[in-house]
Structures are given as structure tokens and as C-alpha cells.
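In what follows, a structure is listed as C-alpha cells, so that the remarks can point back to it.
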């Protein structure tokens with residue numbers, strides 16, 4: 001990893017000279033042990049945790065997202081957990097504003113912000129010089145109605161005519177992404193299919209956590225979810241409107257249990273296996289995303305003492 005010092009000044013009126021200390025990011029695939037390591041770093045450096053897991057933003061989605069229990073936080077403040085209702089659609093632009101406000105506040109108070117999560121876009125939204133188009137509920141609703149009526153094919157053809165590069169990067173069957181791209185084109189006149197270059201707005205140390213036995217860890221974690229009452233959690237959230245949450249209802253595990261409750265899948269055992277398979281697939285995508293970032297220092301076997309020593313070394317190199 002390289003420690004990032006390039007890029008624009010801080011948001012919300014701050015400048016790089018205002019930054020009192022580093023921002024640390026602990027990233028990597030699901031199930032690798034990021035949350036526990038982040039707590040150790042926070043205790044060592046006087047830090048506070050800022051959540052960068054898009055599903056842990058939702059209230060009540062605790063077991064299935066492996067939200068760190070209060071006792072395991074060991075007194076370390078955790079920010080941006082349980083802040084969204086399950087019926088709210090994910091909004092990275094809103095998250096970016098909230099997270100940067102927390103990060104800048106911690107820096108101003110002399111604390112070390114420790115960003116933790118496996119949602120790669122959310123991590124980059126906080127750390128990098130990125131901006132995101134807004135949304136228009138009326139436009140989105142109209143496009144979603146059209147998607148339900150005619151399917152993704154005609155919408156993808158329209159996108160090809162309006163923004164061919166964007167259309168080429170989106171599978172013709174991915175209705176959700178097609179709708180979002182068309183919404184952005186309608187609101188801004190263009191759509192960027194790829195993210196800009198890596199350019200941090202903070203002094204950043206990024207540490208990646210990975211495991212050679214990740215597939216086994218994921219299977220064990222899913223088994224523990226079921227034993228901990230995950231099915232009951234999903235059933236309770238379903239009563240509270242989970243099915244109406246365009247984002248939350250698609251979360252790993254939650255979508256599979258809902259499928260059983262709605263008669264679209266045969267059994268909870270099938271849902272458990274499907275959750276394990278989907279989570280492993282998702283972890284591979286996460287790994288690929290983060291491995292492309294040359295700024296990340298990877299800890300293949302996350303020994304706490306070695307990890308803390310590496311973080312201290314990287315902070316000292318800023």
C-alpha cells in the first residue's frame with residue numbers, strides 16, 4: 001500500500017492543512033475479520049469507527065449483516081450504524097455527506113477516524129475525490145414502472161442509444177442498474193461508466209484484511225446466523241416492511257429467507273445453502289475490487305500485533 005497524499009482539499013470547507021491526523025481504512029471481503037481488527041486499532045491509536053458497510057446502515061438488520069455487538073465494541077464509539085430505515089433505498093451520495101461530516105468532526109476533535117467495511121464504492125465515496133449524481137424519485141418511479149411493464153431489454157436498448165459506453169458496461173438483464181443509468185442520463189445528460197482514478201482527499205492509511213480459508217469462514221458464519229435466530233429477524237423485518245425496501249430486501253441472506261417466506265424457495269435449508277453460495281460469490285467480487293487499489297497494504301494472516309505495527313509504520317510514513 002502507499003499512503004495517499006495527493007488530490008483535492010477536504011470537503012465542507014476544510015483544507016488538507018486542517019487535517020490533524022490520518023484517516024485509517026480497514027477493508028476487505030466479508031467474513032475476513034475487519035470489525036475486530038478495527039476495534040484493536042481504535043484502542044491502540046485513540047480512534048473511533050465509521051461504518052462503511054452499506055447494509056449495516058439499516059436498523060434491525062443485525063444478525064445477517066454481522067453487525068458488531070455492543071459488548072465486542074469494547075467502549076469504542078461506532079458511527080453510522082442503524083441510521084436508515086429498511087424501506088429506504090441506498091443512496092451513496094447521502095452516505096458520503098454523512099460519513100465525511102463524521103470523519104471531519106473526528107479529525108477536528110483530535111480523534112482517528114477508522115473507516116471499516118467491505119462496500120468498495122462506499123469506502124471510495126468517503127476517501128476519494130468523487131461526486132455522485134443526485135436522484136429524482138419521480139423519474140426513478142417512472143422508469144421502474146416501465147421496467148416492470150416491458151422488462152430490461154427495451155430499456156437497455158434506449159440506454160445504448162443515449163450512452164453507449166454505459167450500456168456496454170451493464171448487462172442487458174440488470175434492470176436495477178439500467179434504471180439508475182437512465183435516471184442519471186435524464187438528470188445530467190451523461191453517465192460515466194467507470195470511476196475516476198484513485199485520488200484521496202485525506203491523508204489515508206488503508207489496510208486490507210483477507211483469509212485463505214474465507215470460504216470455510218463464510219459457511220461457518222452463515223450457520224451461526226441461522227443458530228442465532230436469523231430467520232426470526234427476517235420475519236420480524238418483513239412485518240415492518242422489508243419487502244418494500246428496494247435495497248434492504250436484496251441483502252444477502254435476507255433475500256433468500258424472504259424467498260422461502262413468499263413460497264419462491266422450497267426450504268430454509270435451501271435458503272441457507274443459497275446464502276452461503278451467494279456470499280462466497282460476493283466475497284470474490286469484493287476481493288477483486290479492493291485488490292485493484294494499489295494503495296492498500298494487505299495482511300494475508302491478520303495477526304493483531306503485526307497489524308498494529310504495520311498501521312503504525314504506515315501512519316509514520318505520512
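A Cβ is built for glycine as well, from the same backbone N, Cα and C atoms used for every other residue.
So that you can see what the record holds, here are the features copied from Swiss-Prot:
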type: BINDING; residues: 28, 29, 30, 31, 32, 33, 34, 35; note: ATP binding site
type: BINDING; residues: 30, 31, 32, 33, 34, 35; note: substrate binding site
type: REGION; residues: 53-56; note: region 'Interaction with substrate tRNA'
type: SITE; residues: 119; note: site 'Interaction with substrate tRNA'
type: SITE; residues: 140; note: site 'Interaction with substrate tRNA'
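Fewest other C-beta atoms within 10 Å: among the binding-site residues 28, 31, 35, that description fits 35.
Per DSSP, the region 'Interaction with substrate tRNA' (53-56) is made up of 0 helix, 0 strand, 4 coil. Counting other C-beta atoms within 10 Å of each candidate's C-beta, the recorded positions 34, 140 are led by 34. Just so you know, of the binding-site residues 29, 33, the Cβ with the fewest other Cβ atoms around it within 10 Å is the one at 33. One way to see the shell of the ATP site is to take the Cβ centroid of 28, 29, 30, 31, 32, 33, 34, 35; the remaining same-chain residues with a Cβ within 8 Å of it are 118, 209, 210, 211. Each residue contributes its Cα atom, and for residue 28 (ATP binding site) and residue 140 (site 'Interaction with substrate tRNA') these two points are 31 Å apart. For the pair residue 34 (ATP binding site) and residue 119 (site 'Interaction with substrate tRNA'), the Cα-Cα distance reads 12 Å.
Mean model confidence for the region 'Interaction with substrate tRNA' (53-56) is a pLDDT of 97. A gap of 31 Å separates the Cα atoms of residue 140 (site 'Interaction with substrate tRNA') and residue 29 (ATP binding site). Reported as a whole number, the C-alpha separation between residue 33 (ATP binding site) and residue 119 (site 'Interaction with substrate tRNA') equals 14 Å. Put simply, residue 119 (site 'Interaction with substrate tRNA') is 13 Å from residue 31 (ATP binding site) when counted between their Cα atoms.
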